[in-house]
Amino acid sequence: MPAACESVLEDIEDIVSAEDLKPHDRHFVRRNVFPKVRKRHSQKNAQADDEPPSDSIIPGVQKIWIRTWGCSHNNSDGEYMAGQLAAYGYKITDNSAEADLWLLNSCTVKNPAEDHFRNSIKKAQEGKKKVVLAGCVPQAQPRQEYLKGLSIIGVQQIDRVVEVVEETIKGHSVRLLGQKKDNGKRLGGARLDLPKIRKNPLIEIISINTGCLNACTYCKTKHARGDLASYPIEELVDRAKQSFQEGVCEIWLTSEDTGAYGRDIGTDLPTLLWKLVEVIPEGAMLRLGMTNPPYILEHLEEMAKILNHPRVYAFLHIPVQSASDSVLMDMKREYCVADFKQVVDFLKEKVPGITIATDIICGFPGETDEDFQETMKLVEVYRFPSLFINQFYPRPGTPAAKMPQVPAAVKKQRTKDLSQLFHSYNPYDHKVGERQRVLVTEESFDSNYYVAHNPFYEQVLVPKDPLLMGKMVEVNIYEAGKHFMKGQPVSDARVHTASISRPLAKGEVSGLTEEFRRSAHNGTKWKAQPSAEIPVKTRLSSWMALQLPWQQEGGGLKILSVSLALLAVLVMFYYRGMKTEL
């Protein structure tokens, strides 16, 4: 894929392509330029001209395919980028083949995820697609060879995605990798009130902070997301309120470590959660994200009270990674196995029925057979209903990659042994016959059922009755599998409709404020539409005049200023060339 120019920037300034003529070259090609008589067009032809050619570089008329890998934080970033692009007029498509540009939002946690990302870049280039890269892989290592010449949008710069896409479509390679700061202090990231297209209109993913306080020796995400930076409580509560007003009935709180929330801004996770609980309407639910053991230990009493709240799922994801203290020390996890057990035992006692999910890495460097057996014993004792088993992959640039590695065959066998143990028990068999309250939020992968969750965030499959979607209903459990239960709605049960508004349609843009509508079309009330439905002249005038409301710190103006400066230079050289020849 031809790359115009490439440099790692705090802002977009390199907007001249390598193929563009330099000012001093224009004198020598002037003799080959001939004036062209403009033909008069009929009314019919004028109407036809409203639609751009397929290779148009008018901003806002192209189709964009977005692919996201990784965690819920990354998925939220992808939803925000889709929302801004659609609000500006681009058409977001599910068909990668028809797209003009691929926006690839990557994950750097494991090698396979990066391999998929790299293969997708190659496929896009083979298909002559424009490419913009996002996510943790290019943020952590932007100078990798296979990223050369490609545009990159940093994890804290997603509010600038429209600018990066525009310049990429015009043939330029631009990179925004800077950090969001306020008076020198790092912020949590882009604004939370940006336009967004939720993958599921019923579920809002809210990133409460970015980065973490740890320095785990195997983690590449730290290189991309950095140190802890939390959003203020007021902004998070406002985002939750807006979500409920748009028909959302389930909120997921996400970050690299939710337990560490607020330590950088003088508050803590329980304080945030109590404020959020106040605005959750009846029939809606809140799900907490992953927290590491050290940061939940000091809040156990308060966390137990919150997890017992009827509008909060009694669910917590607490990664243990290994049951060997020596391995945890090599990982620099900053806790011991006893700390993890204390957290789990306390919550199981104070929050009856709570679901504890955890992660385990098999074959970390230096892990002995004895270390691994300690991990097996932990799983046998606690019989975690949700267990994420990961074979260790050394990530480039991490300390763990330089440690003596466990043989691949041993890692594979340990992963297999732990998987067999996990599948040897059925956590839900004893729940057959129970009557449960569930919230229905999505369709199953096989499209045969709707998916709901009970108060412990256990998956319950229910019949595909459209009247159930987005509702809280009571069901009788009649069957259980390894990862799910099946429930039949109770005929005489009360049905709760969570939100105060109808949900947005799938693909509809969230958060389009009147401020944005006025700015986008000079006072005309406007909603994002597929680009083909917006007349070209309207799109052009919007592009030339529009400074997006969420970019009013000067990003759009910098592009315009640089463009005008370049134009002035070109005109000056052109007239100098004419005078010289005369």
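Even glycines carry a Cβ here, placed using N, Cα and C.
Annotation source TrEMBL lists region 'Disordered' at 35-54. Here TrEMBL flags 62-170 as domain 'MTTase N-terminal'. Residues or ranges marked as domain 'Radical SAM core' in TrEMBL: 198-429. As annotated by TrEMBL, domain 'TRAM' applies to 429-491. The transmembrane segment feature in TrEMBL is assigned to 555-575.
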Counts of helix, strand and coil residues, the domain 'TRAM' (429-491), according to DSSP: 6 helix, 32 strand, 25 coil
Reduced to three DSSP states, the domain 'MTTase N-terminal' (62-170) has 53 helix, 24 strand, 32 coil
Give me the mean pLDDT over the domain 'MTTase N-terminal' (62-170), rounded to a whole number. 93
